[in-house]
Amino acid sequence: MKSPTLLSLGYMFLVLLFFQQAWAQFPRECATIEALRNGVCCPDLSPLSGPGSDRCGLSSGRGRCEVVIADSRPHSHHYPHDGRDDREGWPTRSFNRTCHCNGNFSGHNCGTCRPGWGGAACDQRVLTVRRNLLDLSTEEKNRFVRALDMAKRTTHPQFVIATRRSEEILGPDGNTPQFENISIYNYFVWTHYYSVKKTFLGAGQESFGEVDFSHEGPAFLTWHRYHLLQLERDMQEMLQDPSFSLPYWNFATGKNTCDICTDDLMGSRSNFDSTLISPNSVFSQWRVVCESLEDYDTLGTLCNSTEGGPIKRNPAGNVARPMVQRLPKPQDVAQCLEVGSYDTPPFYSNSTNSFRNTVEGYSHPTGRYDPAVRSLHNLAHLFLNGTGGQTHLSPNDPIFVLLHTFTDAVFDEWLRRYNADISTYPLENAPIGHNRQYNMVPFWPPVTNIEMFVTAPDNLGYTYEVQWPSRSFSISEIVTIAVVAALSLVAVIFAGASCLIRARSNMDEANQPLLTDQYQHYIEEYEKIHNPNQSVV
């Protein structure tokens, strides 16, 4: 690293006093010296009389520039380094004023619509359908693959990424912001990396790894929901097709094969190297980003747009761990959906009877926590056995998109069944980044976890076409049902016998000589007729 001049150091010091530790990904208009100095990211929408004349579309009533509201409630004890990470209080360590959009308007400059709305005035309801990839027509499958490849090669039209930490963000001369362009798909990868990266504590110190703003906590589902929604919106704009939707991969097959790993879809296994994708697939040409973990952790650098090696994938190939050689079963999903509490203390990867922890895959599908278990989402990732099984790299494998759309479908079904019951989503004391009102890192404009805790068809503009498996009974439940049935049968027989005994007793009383002898003969004849029926019963 080059040493800046004394003047540059002074300049940087003044800026850092204001911003503390910051920098991630922001709108291109905000990656400027002026915006960084002022701490204001409120781009113009349609400036008619010079820069700053239409911040956030103010002239047309679309939005206004306001102070950022960041969650300040306490987080859990898992993160002991308060003040050392630029993601704390997101995004206030970078900008303290952003666009607040009115009504159904949205976007970094209020120039787009909220999810679920469209039209020039954002007053038209929009609903797209996410379907099973295997149910698409041949043309639809081809179009999806082509769209992914296009996103990999198309520069993101709005966002740039930081390539240096706050101390170096202005460059060696103190006057050159260190941001880079990045493709739409690699931006999708980068945001995931940034949410899971370790906290850099300084040169010569080991980076802190027990921090994750998008996994192992209540925000797992809400964070990944917005992550997918952002990619879907970016691809819709890229294709100029608001009806485009991300399909899903129903990984709950219980099989030891990957049914979407074919060359016409996500790529089959290479015949030349079992850890690579077949050269007949377009995805064999993809190169990964954010793989230089050692540099990030020891030098404090950030992932940049440089691409490295190929995607690695070997489904069911981890012979050292038989548990991850087979995908989850359909009944695992059915059982998971019966876990009624969204989350439970300590709101972490060891929570039990937590729907979130169950679908994330740290608990048994019934909700029971077991440190040896990897199920559902986690198991599907580990089954891929390669790039897709490494948290910081996993989105580089495009199967990530399909795996998480299905996980989101399970989440949305749970929200529907339980009326989006947020009572067990903690307001505070969740792992850092996971409180209900926390702005999810590093999305822009700021969006809270609670904003994604809603049913998608009614609030986010998409729905799923999916058939959910019915739950089968476990062996213990079958035994219980059999015992109850047997006891019920005994009870019925006993009740029937009691009734017959009482009936016979009543008949005997009726035979007593309450009348004259001539009527007794009638009774005897009556007995001869009806006694045979009693033996049948």
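Numbers here mean position along the shown chain, with the first residue as 1.
Placement of Cβ uses the backbone N, Cα and C atoms for every residue, glycine included.
Annotated Zn(2+) A binding site per Swiss-Prot: His192, His215, His224, in sequence order. Around His192 (Zn(2+) A binding site), the same-chain residues at least 6 positions away in sequence with a Cβ under 8 Å from its Cβ are Ser214, His227, His392, Ser394, Pro395.
If you look up Swiss-Prot, you'll see Cys30-Cys41 (among others) marked as disulfide bond. Note: Cys30 (disulfide bond) has non-local neighbours Leu36, Cys41, Pro43, Phe95, His108, i.e. same-chain residues 6+ apart with C-beta under 8 A of its own C-beta.
Residues or ranges marked as disulfide bond in Swiss-Prot: Cys42-Cys65 (among others). In the three-state DSSP assignment, the secondary structure recorded for Cys65 (disulfide bond) is strand. Every protein chain considered, the tally of other Cβ atoms within 10 Å of the Cβ of Cys65 (disulfide bond) stands at 17.
What Swiss-Prot lists as disulfide bond is Cys56-Cys99 (among others), and the listing cites similarity to another entry. Around Cys56 (disulfide bond), the same-chain residues at least 6 positions away in sequence with a Cβ under 8 Å from its Cβ are Cys42, Pro43, Leu45, Arg62, Gly63, Arg64, Cys65, Cys99, His100, Cys101, Asn109, Cys110.
Here Swiss-Prot flags Cys101-Cys110 (among others) as disulfide bond, drawing on similarity to another entry. Taken residue by residue with DSSP, Cys101 (disulfide bond) is part of a strand.
Mapped onto three states, the DSSP output places Cys122 (disulfide bond) in coil. Counting every protein chain shown, 20 other Cβ atoms lie within 10 Å of the Cβ of Cys122 (disulfide bond). For Cys113-Cys122 (among others), the entry in Swiss-Prot reads disulfide bond, with the evidence type similarity to another entry.
For Cys258 (disulfide bond), the same-chain residues 6+ apart in sequence whose C-beta sits under 8 angstroms from its C-beta are Met266, Pro315, Ala316, Phe383, Leu384. Marked as disulfide bond by Swiss-Prot on the basis of similarity to another entry: Cys258-Cys261 (among others).
Same-chain residues at least 6 positions away in sequence with a Cβ under 8 Å from that of Cys290 (disulfide bond) are, in sequence order, Val189, Trp190, Tyr193, Cys303, His392, Leu393, Asn396. Annotated disulfide bond per Swiss-Prot: Cys290-Cys303 (among others), in sequence order.
Summarising the annotation, Swiss-Prot assigns N-linked glycosylation site to Asn96 (among others) and lists sequence analysis as the type of evidence. According to DSSP, Asn96 (N-linked glycosylation site) is assigned to coil rather than to any helix or strand. Around Asn96 (N-linked glycosylation site), the same-chain residues at least 6 positions away in sequence with a Cβ under 8 Å from its Cβ are Gly39, Val40, Val67, Val68.
According to Swiss-Prot, the feature N-linked glycosylation site maps to Asn104 (among others). Around Asn104 (N-linked glycosylation site), taking its Cβ as the centre, 19 other Cβ atoms fall within 10 Å, counting all chains.
Positions annotated as N-linked glycosylation site by Swiss-Prot, on the basis of sequence analysis: Asn181 (among others). DSSP classifies Asn181 (N-linked glycosylation site) as coil under the three-state reduction.
Close to Asn304 (N-linked glycosylation site) in the fold, though at least 6 residues off in sequence, lie Ile161, Thr163, Glu180, Val289, each with a CB less than 8 Å from its CB. DSSP classifies Asn304 (N-linked glycosylation site) as coil under the three-state reduction. The annotation N-linked glycosylation site is assigned in Swiss-Prot to Asn304 (among others) on the grounds of sequence analysis.
Feature annotation from Swiss-Prot assigns N-linked glycosylation site to Asn350 (among others). Cβ neighbours of Asn350 (N-linked glycosylation site) (same chain, under 8 Å, six or more residues apart in sequence): Asn357, Tyr362, Tyr369, Pro371.
Per Swiss-Prot, the feature N-linked glycosylation site maps to Asn385 (among others); the stated evidence is sequence analysis. Taken residue by residue with DSSP, Asn385 (N-linked glycosylation site) is part of neither helix nor strand, so it is coil.
Taken from Swiss-Prot, the feature topological domain 'Lumenal, melanosome' covers 25-477.
The feature topological domain 'Cytoplasmic' is assigned by Swiss-Prot to 502-537, with sequence analysis given as support.
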Starting from the Zn(2+) A site formed by His192, His215, His224, give every other residue of that chain whose CB sits within 8 Å of the mean position of their CB atoms, in sequence order.
Ser195, Val196, Ser214, Phe220, Trp223, His227, Thr391, His404
List every residue in the same chain as Asn181 (N-linked glycosylation site), at least 6 positions away in sequence, whose Cβ is under 8 Å from its Cβ.
Thr155, His156, Val160, Ser305
Which residues of the same chain, at least 6 positions away in sequence, have a Cβ lying under 8 Å from the Cβ of Cys113 (disulfide bond)?
Asn104, Phe105, Ser106, Gly119, Cys122, Val126
Where's the emptiest Cβ shell within 10 Å among the disulfide-bonded residues Cys42, Cys101, Cys110, Cys261, Cys303?
Cys261
Segment-level pLDDT (mean, integer) for the topological domain 'Cytoplasmic' (502-537):
39
